[in-house]
Amino acid sequence: MLKREMNIADYDAELWQAMEQEKVRQEEHIELIASENYTSPRVMQAQGSQLTNKYAEGYPGKRYYGGCEYVDIVEQLAIDRAKELFGADYANVQPHSGSQANFAVYTALLQPGDTVLGMNLAQGGHLTHGSPVNFSGKLYNIIPYGIDASGKIDYDDMAKQAQEHKPKMIIGGFSAYSGVVDWARMREIADSIGAYLFVDMAHVAGLIAAGVYPNPVPHAHVVTTTTHKTLAGPRGGLILAKGGDEDLYKKLNSAVFPSAQGGPLMHVIAAKAVALKEAMEPEFKVYQQQVAKNAKAMVEVFLNRGYKVVSGGTENHLFLLDLVDKNLTGKEADAALGRANITVNKNSVPNDPKSPFVTSGIRIGSPAVTRRGFKEAEVKELAGWMCDVLDNINDEATIERVKTKVLDICARFPVYA
């Protein structure tokens, strides 16, 4: 018989120790990876619920298993909230991840070998937008578009590539682009050749939900997102659409189940429902506004300290530092900042001379530190500390001094109070 007082600590000390160490790491390190965030205890409560026990293949009202009357309510809540939050009339909340959601879109709209126009990974795109090491690059004919000399998306080149190659689908969205995307312009380009416009808004979904960044749903045929990152929910995916094309919606549903997945993760879907409700609260909008303010404040410090920021600024939650002229690699910068308890990720920059395993840049994002309560004053101080480390990358005394400051500010701004 299962007893509710059963716990990991008493049963599996080795695993529990690693879990506890990760908890300490999150509290004592400043998280600046743009794709990471802290989810609420309510979301974690849903993920740790008995819903994990329930198999529910199919969709609400159309299940293959019995006993789904309550998980139907859970999933319908998540669907309805997703549609309301993003102004969609279709939502699928079952994808296990953003990549799974993207895979479903490819499956629904394309045939293997079809031509797709996607953002170059080296210039800000994502693996699932056509990287040769990903299913998207292996199964489809990918034509990359990129950025111009100013670091902005080159829409003229995109239009030219579209006319020349006649892709069946154009992908909007990014994993390392700090500007505002002109979704309407992308739709114009797609319409000019009769292509689908598919937008992956994973990185900016929270900003979009709060009205801080333009919403692609009115412009795209299909939109996907993760439910973590700026949306601050559980790790998972979501598909949205608007326009009333019921045939498209059926294709998308079939592409998720039974094509790509079996039973949905009902405990995660419940957590998505919680996070979507949280994203409708007034304080969520205040949070997202602060995310954008904090990113801008950090950029200002880096520029004043002589660091190159790709595109010269940011209009969302992230930015890239180009370290080529500092004779530093992203790998070196990542490691040095890590020793000071500041977590970033190495990232390729435009025309990067280094390999993706080394890189010449780092990506910095503000969602997690803002979630802790940091405002402009704190992130400016933080950016200054980062410059101190990068200016003295081999000076362990500087790194230790910064680490002490990091530990102090983390204690004053805990993740979970």
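In case you wondered, yes, glycine gets a Cβ from its N, Cα and C as well.
Other Cβ atoms within 10 Å of the Cβ of Leu121 ((6S)-5,6,7,8-tetrahydrofolate binding site), summed over all protein chains shown, number 24. Under the heading (6S)-5,6,7,8-tetrahydrofolate binding site, Swiss-Prot lists Leu121, Gly125, His126, Leu127, Ser355, Pro356, Phe357, citing sequence analysis as support.
If you take the C-beta of Lys229 (N6-(pyridoxal phosphate)lysine) and look for same-chain residues 6 or more apart in sequence within under 8 angstroms, you find Ala34, Ser35, Glu36, Asn37, Ala202, His203, Ala205, Gly206, Pro367. DSSP assigns Lys229 (N6-(pyridoxal phosphate)lysine) to a helix in the three-state reduction. The N6-(pyridoxal phosphate)lysine annotation in Swiss-Prot covers Lys229 and is backed by sequence analysis.
Per Swiss-Prot, the feature site 'Plays an important role in substrate specificity' maps to His228.
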Same-chain residues at least 6 apart in sequence whose Cβ lies under 8 Å from Gly125 ((6S)-5,6,7,8-tetrahydrofolate binding site): Gly118, Met119, Ser131, Pro144, Ile171, Gly173, Phe174, Ser175
Fewest-neighbour residue among recorded positions, criterion Cβ within 10 Å, set His126, Leu127, His228, Pro356, Phe357: Phe357
Cβ-Cβ neighbours of Ser355 ((6S)-5,6,7,8-tetrahydrofolate binding site) (radius 10 Å): 11
His228 (site 'Plays an important role in substrate specificity') and Ser355 ((6S)-5,6,7,8-tetrahydrofolate binding site), distance between Cα atoms, whole Å: 28
Distance, His126 ((6S)-5,6,7,8-tetrahydrofolate binding site) to His228 (site 'Plays an important role in substrate specificity') (CA atoms, angstrom): 16
